[in-house]
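Asker: Sharing the feature lines straight out of TrEMBL:
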- Gly84, Gly86, Arg87, Lys108, Asp120, Gly121, Arg171, Arg178, Asp257: ATP binding site (BINDING)
- Asp247: active site, proton acceptor (ACT_SITE)
- Asn248, Asp257: Mg(2+) binding site (BINDING)
Amino acid sequence: MNFINSYARLPEHFYAKIQASNAPEPELIAWNEELANHLGLNELDADETMLARIFSGNEPLPGGKTIALAYAGHQFGHFVPQLGDGRAALIGEIVSPVDGGRYDIQLKGSGQTPFSRNGDGKSSLGPVIREYLLSEAMYKLGVPTTRALAAVSTGEDVVRESREPGGILTRVASSHIRVGTFQYFASRDDKAALKELTNYAIARHYPDAASVEQPVLAFFSAVVEKQAKLVAHWMALGFIHGVMNTDNSAISGETLDYGPCAFMDEFHINKVFSSIDQQGRYAFGQQANMAQWNLTRLAECLLMLDGEQQDYESLLDLFLPAFEEHYFTLMSKKLGLTNLIDDDIELITAWLQHLQDNQLDYSLSFRQLPSCLDNSEPGTFGEFEARWLQRIDKQAGGREEAGRLMKSSNPVVIPRNHQVERAIEAVFEDDFSVFNELRQVLAEPFTKQPGLEHYSNPPQSHERVMRTFCGT
Ligand code: AMP
Ligand code: MG
């Protein structure tokens, strides 16, 4: 296996050397064979017992180095100068033999670190199952994201609102550098570290930026573009991240931290699920603004190194137009439009308004809309329908092409909260059937899978999940 552990070679105040704590009776409850092969981890040649020991932290990953990363962050707008990996351990950095990409392998919930503050450093099995399902679904839906390699139950309870079984998730990310990592050094006025971090991030994620005249600005510009694309992707899928604090905003442009997140059932532009987001700061429709807010915080850090304020301002001004272009392009495909013309933005807006006014299910409506193409169910979508059909009939390929495009652009199944909750409740009773079925169905989200159709359904009124929790 090809370990590099490059972050552990950065200056010592970038992280703390740690040991993961001992899980009394680790048991492997999920292993992502496909991802393991991608990382070359099949070479471990370990049985389930050994995998459970490694991915609970009881046994070091051969060749890895275990560290907890330092970072700061704005949480709901308030700056906290020290957060850091309080319940996570980076156990190694590996180069994929398949694509040559570098990946962090991190345990989440493996015990206290110097950054734990008052927390126990552990995790309940609930959030482990949640992140496993949601991050893997996100990946299969084609959105940049951290992934899940393994889930382990620890054999000990953690105390949350009640006693719950403990778990550890193994997260794989192309790095764990966050906007908050830059803030950590900027707020300490540690320019040397900031410079080193920036060079490291450029080399790791945006190597093209290294060879231009102003690498730091080029780096920033690339991050802006990645974030614009990411949030556009989320919103086209009806995804609400829920806690877009700067410490949860990855420089790589991957979705990071699946806490109180949700895929929307019925559409509402201001939808909030998170129990801790009282003001709706991270409501569905706020996400582009919030990403831009986070990027502004990153710009403030980078400005300490290089460039003029107005350079950063001009790049920040490009964020919303870039976001809109990505978003409306994705949305037009979801509506079967092969290209985006000016009037389409109004058409897309009218569609969303129709969904909202009629409290319609977001994902399901995109799958039902094509039934209007052959007039099998005329009038289902009100005034919007005629207008949309007129537009489709004007484009090359007509209704047939539109139908094909919609099929490949709209998932049959998304990880709906009520199903995820059902999976967690069953796992608490030692029943892994729902979890495993969900893993199976979400591995091919654009394909109808016989016998698993019910995972596409929106919740019935008694199944609706109104609030989601951080799981810390
Ligand atoms: P999050 O809300 O998951 O992004 O976490 C925010 C901060 O709280 C990070 O610094 C975490 O490491 C820390 N944290 C969350 N849960 C725990 C826990 N159970 N023990 C220690 N630190 C935690
Ligand atoms: Mg976090």
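Backbone N, Cα and C define each Cβ position, glycine as well.
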Asker: Nearest by CA distance to Asp247 (active site, proton acceptor): which of the binding-site residues is it, out of Gly84, Arg87, Arg171?
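Answerer: Checking each of Gly84, Arg87, Arg171 against Asp247 (active site, proton acceptor), the shortest Cα distance is to Gly84.
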Asker: Near ligand 2, which of the binding-site residues Gly84, Arg87, Asp120 have CB less than 6 Å from any of its atoms?
Answerer: none
Asker: Quick one: which of these binding-site residues, Gly84, Arg87, Asp120, Arg171, Asp257, have their CA within 10 A of Asn248 (Mg(2+) binding site)?
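Answerer: So far as Cα distances go, the binding-site residues lying within 10 Å of Asn248 (Mg(2+) binding site) are Asp257.
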Asker: Work through the binding-site residues one by one (Arg87, Arg171) and point out the residue whose CB has the fewest other CB atoms within 10 angstroms.
Answerer: Arg87
Asker: When a 10 Å sphere is centred on the Cβ of Asp257 (ATP binding site), how many other Cβ atoms does it contain?
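Answerer: Around the Cβ of Asp257 (ATP binding site), 22 other Cβ atoms lie within 10 Å.
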Asker: In this structure, which of the recorded positions Gly84, Asp120, Asp247, Asn248 has the fewest other Cβ atoms within 10 Å of its Cβ?
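Answerer: Across Gly84, Asp120, Asp247, Asn248, these recorded positions, the one with fewest Cβ atoms within 10 Å is Asp120.
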Asker: How would DSSP class Arg87 (ATP binding site) in three states?
Answerer: coil
Asker: Among Gly84, Gly86, Arg87, Lys108, Asp120, Gly121, Arg171, Arg178, Asp257, recorded ATP binders, what is the largest CA to CA distance in Å?
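Answerer: So the maximum pairwise Cα distance among the ATP binders is 23 Å.
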